[in-house]
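These come from TrEMBL:
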ACT_SITE  139  active site, proton donor
ACT_SITE  210  active site, proton acceptor
BINDING   192, 447, 491  (S)-malate binding site
BINDING   282, 283, 306  divalent metal cation binding site
DOMAIN    116-297  domain 'Malic enzyme N-terminal'
DOMAIN    307-554  domain 'Malic enzyme NAD-binding'
């Protein structure tokens, strides 16, 4: 992937700057959290913190009814709480019962956010213990609807909002954040939120959700996480007319004004938090995503989840699926619908892994991978009109106008959708794929569920149960021909928390392709064992539970961080 960005860096790689990681790692037990004991479950008071009524209003330290008799005396809580002492486990049971009463996913999302705002420790305990049930609530697909309605449901600010009004003062804004030791920042400008388009300032739901998973799945303490939204306006007319919209009411800034604001932000982050802070770019539009990654990849510890995270998790899923299908990567042909940051990022990482396995130049392995965009198959005759990130995928072939004809012409073994357009894997497309494959691999990756290229039921039905299927957002199990198929979920949540944890702990100061390949290979090894067993039992392939991220982080030579919230 770095090889693709070299053209934008005048031929330089991230490794040309400094191939060595910093010494000592990036984790410091600032708040004494890792020294907590069973007798003292809250953070030891090594720093001055609130007591009494103020303590109950501090989400970082509030325990609600779980404060013991001794703690109530020590922190002036007598009379401020009912007399009963309720264990954290009992609180979890009560809250899960309450959340399950809601029928609408957005209501569950709002209940979880309200909990996070009043009792952070209980929020993460609830999420960690019920990750499979709550992951679709705090993350995709529900977070997409939350972003669309963020202005209407907004109650209390989470994270930092940096707009054009703060230009020239961004360092001061960063200093307004109460925590001085930050390890992970997730930042968005809201221009391409999932498959929902430009949601402007309301895209803040994405950084908040991502960082919740950094803690629940990766073990990064919440106080070390900072969600940021860069507000340069929005081109969404509906939002501009919405009286409840919380962002700048203007068209998006572009060009010099945009780049100067981003440059000031990146410089201020490095100045305020140091070299080792991880900055994760999230949901930037294609035209900015590649440029930002190319520009700051040599000077900052940056990671684009849409380009690199998606690529890593999909590569691991493909490698695991081949255990069922048979053959090595280089024996298969890949066809993508969608040639944006996700599609080209996945394609490049597959080509790199193929090159690594076969000792063949990546320019050659790219020829096994084909991409279809809105104008049809990307071929060499279109090269002059293509955006720079599409040009490596322009191969010699006659023009093909649409996906169906591309499937018939290329005869792929693996079909991957990253178009952001729902129901584009039609019955005709999938039947054409199935006609030339015993076990067609179908990955409908676009989020949220409404934007998925096909449903799990469609994939299994139209292939007569032969598909190896995965999607970006979860689908319910499918009954077909007497068998239960449990759809796999090829979601970035399986990669970015563990990869981010590894970067923080190792003290890395740059992200390079070998890290992504190591994460993919380790996750694939876990996945393959699960998938093979599932297929034997007559169900579809499925990725391991998200909490197993800690295992693959360890297998990537990263020492997992002890999680207080377990």
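Including glycine, each Cβ sits where the backbone N, Cα and C put it.
Curation plays no part in TrEMBL annotations; they are all automatic predictions.
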Spatial neighbours of residue 210 (active site, proton acceptor), counting only the recorded positions 139, 282, 491 and Cα distances within 10 Å: 139, 282
Candidate with the highest Cβ count within 10 Å, taken from the recorded positions 192, 210: 210
Sparsest-packed of the listed binding-site residues (447, 491) - C-beta count within 10 angstroms: 447
Cβ-Cβ distance under 8 Å to residue 306 (divalent metal cation binding site), same chain, at least six residues away: 192, 281, 282, 283, 284, 289, 341, 342, 345
Additional residues around divalent metal cation, ordered along the sequence, whose Cβ is within 8 Å of the centroid of 282, 283, 306: 188, 192, 193, 206, 281, 284, 289, 304, 305
Same-chain residues at least 6 apart in sequence whose Cβ lies under 8 Å from residue 139 (active site, proton donor): 209, 210, 212, 213, 491, 493
For residue 283 (divalent metal cation binding site), the number of other Cβ atoms found within 10 Å of its own Cβ: 26
